[in-house]
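Structure first, then comments.
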Amino acid sequence: MALSQFIPDIRIGYPYTYWGPLGFVLMVTICREAVDDLRRHQRDHEVNSQKYKRLSSTNISGYEMVPSSKLKVGDVIIVEKNERVPADLILLRTSDRSGSVFVRTDQLDGETDWKPRLAVPYTQKLSRDSELHSIDASFYVEKPQNDIHSFIATFCMADGSEDTGLSVENTLWANTVVAAGTATGIVIYTGCETRSVMNNSQPRSKVGLLDMEINGLTKVLFCAVLGLSLVMMMLKGFGGPWYRYMFRFVLLFSYIIPISLRVNLDMGKAFYSWQMQNDSNIQGTVVRSTTIPEELGRISYVLTDKTGTLTQNEMVFKKIHLGIVSHDADTFHHIGQMIQKLSGNILQQQQGSLSSSSSGGDSTKPMMFGNRMRRPEGWREWEAVRALALCHNVTPVSDDEDNRSVSTASTVTGGNNSPTKSVINIEAPGSTDTEHQYQAASPDEIALVKWTEQVGLTLIARDLNTMTLQVKTPSEDNDILLHYQILQLFPFTSESKRMGIIVRESKTGQITFYLKGADVVMSSIVQYNDWLSEESGNMAREGLRTLVVAKKVLTEEQYSDFETRYNAARLSITDRVAKVAAVTESLERELELLCLTGVEDRLQENVRPTLELLRNAGVRVWMLTGDKLETACCIAKSSQLIGRNQGLHVLRSVKTRTDAHQELNSFRRKQGHALVISGESLEVCLQYYRPEFLELATASPAVVCCRCSPTQKAQVVALIQKHTGKRTCAVGDGGNDVSMIQQADAGVGIEGREGRQASLAGDFSIPQFSHIAKLLLIHGRRSYKRSAALSQFVIHRGLIITTLQAVFSAVFYLSSVALYQGFLMVGYSTLYTMFPVFSLVLDQDITSETAVTYPELYKDLSKGRSLSYKTFFIWVLISIYQGGVIMYGALILFVDEFIHIVAISFSALIMTELIMVALTVRTWHRLMVLAELFSLALYLISLAVLHEYFDWEFIWSYDFLWKVSLITLVSCLPLYIIKFLRKKCSPPSYLKLS
């Protein structure tokens with residue numbers, strides 16, 4: 001339409017009257033995009049220009065500095081401590097003699113713990129990096145893929161002397177950071193083939209419900225432009241060049257389409273986001289998507305993770321069950337006392353068992369005391385504590401930069417082969433003892449290791465191949481050090497739900513396989529017992545996270561056979577994962593059950609009142625967790641997601657269509673009951689009775705889905721959206737919550753102990769779950785209410801001026817001549833009305849305290865009454881009425897000159913807009929008053945300056961003043977009366993509270 005103004009036959013005014021508003025909109029949009037692009041360019045340039053040491057055989061120093069953008073496959077580079085890894089590497093050498101290095105992966109998978117990586121054994125043995133040029137070897141790697149947790153490759157020497165299977169433990173993925181030491185690696189993938197880039201898939205573009213509603217209204221307005229133009233042509237007749245007149249009418253009425261609305265809304269959204277991030281009551285909130293703040297005001301379902309979201313993910317060891325006896329916090333000191341009493345026997349075993357083992361003795365004997373074998377008092381406790389101290393992936397860490405918490409232990413062997421401790425402690429100034437610090441992927445493991453330290457068995461050192469434990473003795477100066485060689489480590493995976501380790505005790509030579517995992521998988525692995533299932537259920541009902549710990553003593557022959565088959569499986573190029581799993585499972589048979597542990601994950605602060613606020617606000621809360629059913633139910637009750645007196649319907653073992661049918665019929669008869677369902681049962685119900693299940697579940701006051709996979713979580717969110725058409729909000733803190741966060745209409749990530757992946761993936765990031773209430777009840781409400789009011793006024797602004805134009809054209813013989821031209825049209829939507837209309841983003845119908853005190857007020861928002869077709873047509877009628885009054889009033893009251901019609905009608909139009917904003921405001925802000933006065937002052941100045949459009953003498957006459965005042969009064973007074981009567985007779989809910 002703006003381009004059409006360059007065609008003389010259909011030009012209806014000055015071209016800048018169309019190009020001005022359009023140019024302003026485009027300028028704002030282009031500037032915003034340009035700023036974003038500039039920031040991205042700066043980040044890219046900073047990353048690509050970072051220089052690294054690349055090994056070079058031609059350079060005298062042995063290496064050359066190259067920017068990361070110049071790296072290519074096959075380059076060998078050196079990455080220093082705290083440097084970003086620029087490409088996917090296979091680790092060749094490290095500064096640590098063991099060949100290990102720690103990396104931080106929070107920018108890749110969101111997990112904040114340090115992860116160990118291992119160098120290729122052959123290249124680690126080289127004395128210098130420069131020797132890498134002298135070896136003739138090849139790497140065979142898999143094609144690029146996006147799985148950051150698996151990798152298959154083989155290192156082969158050209159002469160066949162060395163073939164080593166490589167896994168993800170031998171890699172450094174791009175965008176990870178070397179946390180300690182120096183790493184030398186060979187580049188295997190660059191650019192778009194790196195794991196980090198391949199995992200940067202664009203999440204679905206979220207469009208807010210308000211935006212979709214506005215798009216619908218815009219389509220109606222476009223049809224109104226065509227319809228009104230067609231009516232004018234029908235009245236005028238289709239004689240002559242009718243298509244020119246038709247197009248001119250379309251141009252004249254095109255102000256109905258609110259082209260400036262998008263800019264106003266975008267600026268409003270940016271302001272809402274700024275307010276959220278600067279709210280002192282929810283400090284730490286980050287808005288990562290400024291396009292959907294209004295969604296927070298329309299939420300009907302909140303779907304939340306459990307661990308780290310409702311709970312703190314701070315694990316506290318609470319209970320251990322040994323089969324015949326159970327210990328809790330009140331009796332843990334007894335275990336410590338038993339270990340101290342056994343310390344003498346442990347020392348005797350260290351001194352005497354080596355000769356027994358080497359002479360063909362039975363290495364499976366639990367303890368040796370002289371020539372007599374027996375199980376002394378406390379043996380069960382010792383075996384369980386030792387298993388917990390060994391079976392993990394925990395590493396003691398020290399901060400050698402500021403000399404805090406550094407502990408180095410070594411064994412000095414005397415002539416009698418008795419180990420004595422030599423410990424060097426370097427502490428912070430003013431400290432009196434050294435507190436051990438640990439790094440691990442799981443807070444559960446840290447809780448277990450800290451507990452073993454509490455009872456007297458401390459992990460003091462660990463590297464790639466060894467582990468050292470310190471046994472506390474009654475005499476603090478004679479603590480015992482136990483050294484173990486790590487033979488194999490089997491990390492925990494979500495598929496296996498267990499982790500294991502094979503160690504060899506240095507003194508005795510005894511080889512032991514330790515395994516721990518979830519009760520559902522360990523129950524079929526351990527030897528028969530009659531207590532595991534019952535006690536596991538009891539701990540789960542107490543809200544504890546359980547782990548089953550078992551062991552198996554191996555002979556040298558058994559381990560040698562296993563190692564041969566395991567290494568062969570690891571060298572396999574095809575189906576390596578399946579072959580390795582098969583070999584490992586062959587070892588997991590008839591393990592001796594040692595203990596069952598219970599760890600408590602405490603609730604976050606203010607979880608109970610937050611859930612109560614959401615429930616009173618009409619928001620249904622679902623818990624989606626991967627934890628076991630009993631634990632999930634306990635947390636749901638302790639958090640009051642499920643009332644203590646509220647009935648529960650549990651779908652635990654639904655495996656067939658018949659089971660699903662019976663359970664759903666039973667649940668249908670239980671009104672007001674909460675639903676608890678396992679992931680397996682959920683799959684069956686959705687497969688056979690999806691509509692029926694969703695109808696019952698969405699009507700339930702609370703739902704708990706346990707044993708849910710990340711895919712199932714996202715699937716549940718999508719099904720709720722599709723079935724109910726309501727808006728959903730997903731809250732989580734871990735990488736397994738990313739899918740549902742991205743699927744939900746509003747995704748909220750919590751930056752917790754599981755890392756930043758959920759926080760980075762969310763539309764909003766908060767430090768704790770309790771902030772979700774204020775985010776929805778206060779900021780969500782205000783964002784939606786303000787955007788609705790802003791949208792209606794921008795639409796009203798276009799409708800009223802179009803009504804004036806339509807009346808003018810109809811009165812003056814259906815002429816397609818513009819009523820207002822030039823600067824008046826540009827100033828109308830910018831200088832004269834923009835500031836007061838946009839100041840509506842400062843308005844609020846209720847205070848923050850009222851919104852939280854009366855959460856029931858939130859229920860009305862989900863109905864979308866603030867901006868609907870009903871309110872839209874009300875504003876259409878208001879615009880028609882006011883436009884008609886202003887135009888007919890000006891036509892009736894003007895005397896003889898056309899310029900007087902323009903002055904009277906345009907002045908009344910501006911005053912009406914300013915008064916309508918004032919009538920709509922519910923809570924005045926000083927900037928709103930300033931916007932009104934500033935816009936009025938600008939218009940008064942225009943009256944005095946724009947002699948081309950206004951008659952100076954007429955403007956200063958009494959006639960002009962009373963005519964404009966009368967027309968403005970007639971256009972606004974009836975609306976004020978209606979608003980007053982409605983407020984008195986049928987006030988909205990929020991007004992009743994005042």
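The backbone N, Cα and C atoms fix where each Cβ goes, glycine too.
Unlike curated records, TrEMBL annotations are generated automatically.
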Fill in: Per TrEMBL, D305, K306, T307, F492, K516, R545, T625, G626, D627, R707, K713, N736, D737 bind ATP; matching candidate in E445, E453, E585
E445
Worksheet item: Near G626 (ATP binding site), which of the recorded positions D305, T307, D733 can be found within 10 Å, Cα to Cα?
Response: D305, T307
Worksheet item: Quick one: which of these recorded positions, D305, R545, R707, have their CA within 10 A of D737 (Mg(2+) binding site)?
Response: D305
Item to complete: Using DSSP with the three-state reduction, classify R545 (ATP binding site) as helix, strand or coil.
Response: strand
Worksheet item: Who are the chain neighbours of the transmembrane segment (820-842) in space, where the CB to CB distance is under 8 Å and they lie at least 6 residues beyond its ends?
Response: 13-14, 16-17, 20-21, 24, 255, 260, 264, 267-268, 271-272, 786-787, 789-790, 793-794, 797-798, 801, 902, 906, 909-910, 913-914, 917, 920-921, 925, 927-928, 931-932, 934-935, 938-939, 942, 946, 948-949
Worksheet item: Any chance the transmembrane segment (220-239) and the transmembrane segment (928-948) are in contact, meaning at least three CB pairs closer than 8 A with a sequence separation of 6+?
Response: no
Worksheet entry | Around the Cβ of T307 (Mg(2+) binding site), the count of other Cβ atoms that are within 10 Å | 27
Item to complete: For D305 (active site, 4-aspartylphosphate intermediate), list the number of other Cβ atoms lying within 10 Å of its Cβ atom.
Response: 29
Worksheet item: Can you tell me how far the Cα of N736 (ATP binding site) sits from the Cα of D305 (active site, 4-aspartylphosphate intermediate), in Å?
Response: 9
Worksheet item: Want to know which recorded positions, from D305, R545, R707, are within 10 Å of D733 (Mg(2+) binding site) at Cα; which are they?
Response: D305
Practice prompt. Tell me, roughly as an integer, the mean pLDDT over the domain 'P-type ATPase C-terminal' (760-987).
Written response: 91
Discussion item. I need the nearest neighbour of T307 (Mg(2+) binding site) among the binding-site residues F492, R545, R707, using C-alpha distances.
Written reply: R545
